Amino acid sequence: MKWSILLLVGCAAAIDVPRQPYAPTGSGKKRLTFNETVVKRAISPSAISVEWISTSEDGDYVYQDQDGSLKIQSIVTNNTQTLVPADKVPEDAYSYWIHPNLSSVLWATNYTKQYRHSYFADYFIQDVQSMNLRPLAPDQSGDIQYAQWSPTGDAIAFVRGNDVFVWTNASTSQITNDGGPDLFNGVPDWIYEEEILGDRFALWFSPDGAYLAFLRFNETGVPTFTVPYYMDNEEIAPPYPRELELRYPKVSQTNPTVELNLLELRTGERTPVPIDAFDAKELIIGEVAWLTEKHDVVAVKAFNRVQDRQKVVAVDVASLRTKTINERDGTDGWLDNLLSMAYIGPIGESKEEYYIDISDQSGWAHLWLFPVAGGEPIALTKGEWEVTAILSIDKPRQLVYFLSTKHHSTERHLYSVSWKTMEITPLVDDTVPAVWSASFSSQGGYYILSYRGPDVPYQDLYAINSTAPLRTITSNAAVLDGLKEYTLPNITYFELALPSGETLNVMQRLPVKFSSKKKYPVLFTPYGGPGAQEVSKAWQALDFKAYIASDPELEYITWTVDNRGTGYKGRAFRCQVTSRLGELEAADQVFAAQQAAKLPYVDADHIAIWGWSYGGYLTGKVIETDSGAFSLGVQTAPVSDWRFYDSMYTERYMKTLESNAAGYNASAIRKVAGYKNVRGGVLIQHGTGDDNVHFQNAAALVDTLVGAGVTPEKLQVQWFTDSDHGIRYHGGNVFLYRQLSKRLYEEKKRKEKGEAHQWSKKSVL
């Protein structure tokens, strides 16, 4: 069947934006304080997230009211009925999932956090007629890792002790019995949760509920990293710290192996399915998706170890035969795991079935239709812009709703594209700078349109094919009123042109009561990691950056610069950092600082840089350049040597240590001259309980600096006992920002040739 690749742009009327195309500056006189921005945010917009449900009427959803009760509401009529009264909600309820026919509720209680996404809990099933509760497992003790209704509601798959179980009204069946510290069934291990799946589950029901696909991870041979907890949530420290033994593969170390399993629920038969796309020791499974309306085909997106080759392997469930239906070579950089595969079915008059996915095979991330049986894909979108998310697939109307950077890489506008006509239609006025998102009802007839900035966010309800809102869901009127009392920093956006001709997105925040006749210190606030984005026209929280631009004793300008390697500007822009992390990113931040220093309102002698995580690493690489462009560096929870970080993230960008030894050496922070010469010194902050970027990074860096003779005048170090990567344990977060405020104040007041202790004037042998 022949398809035209001509992509039409629809001319239908789009929704107007009842907000200003820039961030608010307030209309009052009050300045934001530290307590209002860091300790407890005084002004913060809210938004609702609804769980759409399938009933006889489109537009119904379930939500938990402020009193704790569960209610069903028609978003169209606003009629509400109570599903579970507040006094019948289980004590200590953490989350809930509704049975497909609304007859029961699955509750999670007794929550205990594990890693970024995962947690342990008890689970209860509540009948909404009788309100009776029964435990999912009679002997549960806050140890269930995950639970999920089947699409038909006649079963619950859950994971306990790293084993998969299936509950039905009649009984509970244990599907696997080899789960343990090194074997994970149906849930990811640490590295798959953190770097690949980005979630706490690794099991998927078929659309008809007849089969369950799940992944099995084997950590045998994966090296262990020990994280000590000195206080361990006690008021008085125990004599010996608790030690977390975490299987954490670092660069070129053994990775967990992964295996696909299929379970037929009717018979209880479980079958391992070999995925031979790559050698078992090299194989990474990034995504599992059912490409069928029933249970005929399940597909896995497989990557090689360094994630620059990809194969989509389809499994015929009846025969268990496998077939590679799509393959990519991304050895010019890396291939992102976007978790966006979804079944479409036949299109047009053809009986051939398709699935949709986001791919940057054209050099820009776009929507493509791929044949389930394999073959040439069809481009649904194209151009020098990128699709950032698929929001909804409306099969009856043959439409895909998506977000993209079509207007600018710092913006997100909402569009639909028809796979029948190939016509792209904006749902909002995409000529107005903004960031949008949307949530579509179960039958696709309505959607909540969320405006996310740069002005104060709001949410309206729309019917499809209408540009008039049915009603406002969230107005954030209190925020609008609150801003009338304050005067806020002024946020602007612009681009810097590199000598290469490429451009960098910049977000500038000017202090309250800014005067072009004064000179202000500047704080750069980069993240800068591969594929990331900080410069966005979304609402900018009134946080620490707003505070330092408001406090009359600080009055810092802030610059946030998205360097080369960051996201949403095409594959070539992001992939040029491959195998040499830290080089181009640091060069771009230095270039931006040099441009800032030329501005008449910038105090060129006081330009600081502060970053967290990858931003902390980038800050170190900037200081290492010894450029003189920056006068102070603050590194929070930084990587200092990529050999210390996990394999699946690091090797995606740096490849293996064996193949790129020179690149790893160059990317590590080891040159000390910049640390000795930076005029205002460096502050390094890190949590000792960081299970992501280990404290080892800061410890090794500090030892390198001290051993090379960096003086106490130039180096300050702060650890946070038992804090993880977010640094919040026992008030660590507030302390961190107070310390940062103090250093910025000292830097602003620092004289270029001040008095110093005699130790700093001579070498110490």
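Here the Cβ of each residue, glycine as well, is placed from N, Cα and C on the backbone.
The active site, charge relay system feature in Swiss-Prot is assigned to Ser613, Asp690, His725. Under the heading N-linked glycosylation site, Swiss-Prot lists Asn35, Asn78, Asn101, Asn110, Asn169, Asn218, Asn465, Asn490, Asn665. The signal peptide annotation in Swiss-Prot covers 1-14.
Positions of Swiss-Prot features highlighted on the structure.
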residue: Asn78; record: N-linked glycosylation site; Cβ neighbours (10 Å): 10
residue: Asn101; record: N-linked glycosylation site; Cβ neighbours (10 Å): 11
residue: Asn110; record: N-linked glycosylation site; Cβ neighbours (10 Å): 20
residue: Asn169; record: N-linked glycosylation site; Cβ neighbours (10 Å): 7
residue: Asn218; record: N-linked glycosylation site; Cβ neighbours (10 Å): 16
residue: Asn465; record: N-linked glycosylation site; Cβ neighbours (10 Å): 11
residue: Asn490; record: N-linked glycosylation site; Cβ neighbours (10 Å): 17
residue: Ser613; record: active site, charge relay system; Cβ neighbours (10 Å): 20
residue: Asp690; record: active site, charge relay system; Cβ neighbours (10 Å): 23
residue: His725; record: active site, charge relay system; Cβ neighbours (10 Å): 18
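With a cut-off of 8 Å between CB atoms and residues at least 6 apart in sequence, the same chain places nothing near Asn35 (N-linked glycosylation site). There are 12 other CB atoms within 10 A of the CB of Asn665 (N-linked glycosylation site), with all protein chains counted. Asn665 (N-linked glycosylation site) carries a helical DSSP state (H, G or I). Using CA atoms as reference points, the recorded positions Asn78, Asn110, Asn218, Asn465, His725 were checked against Asn665 (N-linked glycosylation site), and the closest is His725.
Spacing of Asp690 (active site, charge relay system) relative to His725 (active site, charge relay system) is 5 Å (Cα to Cα, whole number). Distance between Cα atoms for Asn465 (N-linked glycosylation site) and Asn78 (N-linked glycosylation site): 21 Å, as a whole number. According to DSSP, Asn218 (N-linked glycosylation site) sits within a strand segment.
Taken residue by residue with DSSP, Asn110 (N-linked glycosylation site) is part of a strand.
When secondary structure is read from DSSP and collapsed to three states, Asn35 (N-linked glycosylation site) falls in the helix class. Closest to Asn169 (N-linked glycosylation site) in space, going by CA atoms and restricting to the recorded positions Asn110, Asn218, Ser613, is Asn110. Within 10 Å of His725 (active site, charge relay system), as judged by C-alpha distances, no glycosylation sites are found among Asn78, Asn101, Asn110, Asn218, Asn490. Asn218 (N-linked glycosylation site) and Asn110 (N-linked glycosylation site) have their C-alpha atoms 28 Å apart, to the nearest angstrom. DSSP gives Asn490 (N-linked glycosylation site) a strand state.
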